[in-house]
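Annotated features in TrEMBL:
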- 38-450: domain 'Major facilitator superfamily (MFS) profile' (DOMAIN)
- 34-51: transmembrane segment (TRANSMEM)
- 104-123: transmembrane segment (TRANSMEM)
- 129-152: transmembrane segment (TRANSMEM)
- 164-185: transmembrane segment (TRANSMEM)
- 197-219: transmembrane segment (TRANSMEM)
- 268-288: transmembrane segment (TRANSMEM)
- 308-325: transmembrane segment (TRANSMEM)
- 332-352: transmembrane segment (TRANSMEM)
- 358-379: transmembrane segment (TRANSMEM)
- 391-412: transmembrane segment (TRANSMEM)
- 424-447: transmembrane segment (TRANSMEM)
Amino acid sequence: MDVPVDVTPDNKVQDIQVDRQVNHRALSSALRKLDMFLLPIATIAYFLNFLDRSNIGNAKAAGLQTDLKLTNRQYSIALTVTYVPYIVAELPLTLAMKRVGPHILIPTLVVSWGLVTLFQGFVHSYGGLIAARFFLGLTEGAILPGLVTYLSSFYHRQVLGKRLAFFFSATSLAGAFSGLLASAILNMEGVSGKRGWQWIFILEGLLTVVCGAITFFILPRDLSTARYLTIEERDTLRLAHEIDGGATAAHERFSFRHMVQAMRSPQLWMVFAMFFGNGVTLYSLAYFAPTIVQGLGYRGISIQLHSVPPYACSAFVAVVACYMSDRLRHRGSFIVGASIISITGYAMFLGSTNHHTLYGSLFLQVIGAYTMAPLLSTWMPNNLAPYYTRVTGIAFGFISTNSGGILSTWLFPTTDAPRYKKATWTAMGLSISIAVLAIMNSIFLAIQNKNRGTVPTVQENLEDSVDSLDDLGDKDPRFRYIT
């Protein structure tokens, strides 16, 4: 059940009060087991999701566009088509996850998009590519909001950020691994009469299908079915959720009122707008980093290999930033910092013609975009409750991200190569807007917390307040927002 949060304005006092009620030893043991058995599964699923959606960038650099005789407009349309069913599927499938069961829906989606990715290796025309990208978006649509919702039902708010940082490092690792894997797979050029770019889709799709099939047997539905947790550990995790505003939703029924409650929350729309800007920058780099590297003069397998280091660095920075954000129970300043890193990278790209400087600017662009993603994805569920209000916010956030992805597919026409000034100015402007919105949202949430500062804490009346807190969610005066 959802019982909001941060029970006093002083975080240190709050931590002391949590320790009085939660068995610290059992909580540490439970979190350690989740980190060993649950988090890696979710991370691998998202890794494969991002890998299979963005590997078309590596395939393009390896000859897909030439072999299928695609114009630049047709290639952009193929990318855009992915997002239409993706966006449409996100909210309904995420809402359906509780009824169907995440242990069934998540593996089903993984296997489905793996098959679609595999079949992309057999397309021979523009129409075939369009059909494949449509079904890829349809089967991938709910996986990101679904996985974030799923993880937030196991991890309470105070520890979720660093786990989502590890989870979102999958995007950085997918960017790095995609280049390495593509450079290796391209050595299969001509095997069985197929081009190297076709083998990229076939082998990466096959990997996803195998991993998805295994997931059917190892993913728990919820805390009560996680066999590696003891009864004491499950009870401790539930209590931690109650104290810290968790999303277990064990007895909550679906209500449209909770969806409307989410859409009336100013913090949802500010983070929604930030998600859009981050979606543009994130997917621009995911789809076009190899193209940008190619414009710097690299050729062949060297294109794939030079796209790896920026993503590897971004994974490290994102994990450190989210770890510190969790420790300080604060998100806004870290998002502003990541935005400034991105802005610096775009300014360097616009202001220099030196290839080493341009390549260095790509590091900053990737680090900034891929650090913002986990911070924003944590900030949205942190400040919405109860369960279906939170799920609505998460889904809306990723709908916005993927809407930004649609814009990104049209920002890199070959006529703008190799400098892509229009795309760079657009990304810089959006990064500036993210910084401004992050400051505004932090101030808004801090004011809300200040106005609630004299309200009695949840711990003082925990058992008697569960029902009212489940109903009011983050609108309850005892809820404390994370700024």
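Numbering starts at 1 and runs along the chain as displayed.
From the backbone N, Cα and C atoms, a Cβ is placed for every residue, glycine too.
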Practice item. Would you confirm whether the transmembrane segment (104-123) and the transmembrane segment (197-219) meet the contact rule of 3 or more C-beta pairs below 8 angstroms, pairs 6 or more apart in sequence? Key: yes
**Study point:** Criterion met for the transmembrane segment (197-219) and the transmembrane segment (34-51) (at least three Cβ pairs under 8 Å)
**Key:** yes
Study note, to complete from the structure: The predicted model's mean pLDDT over the domain 'Major facilitator superfamily (MFS) profile' (38-450) is 88
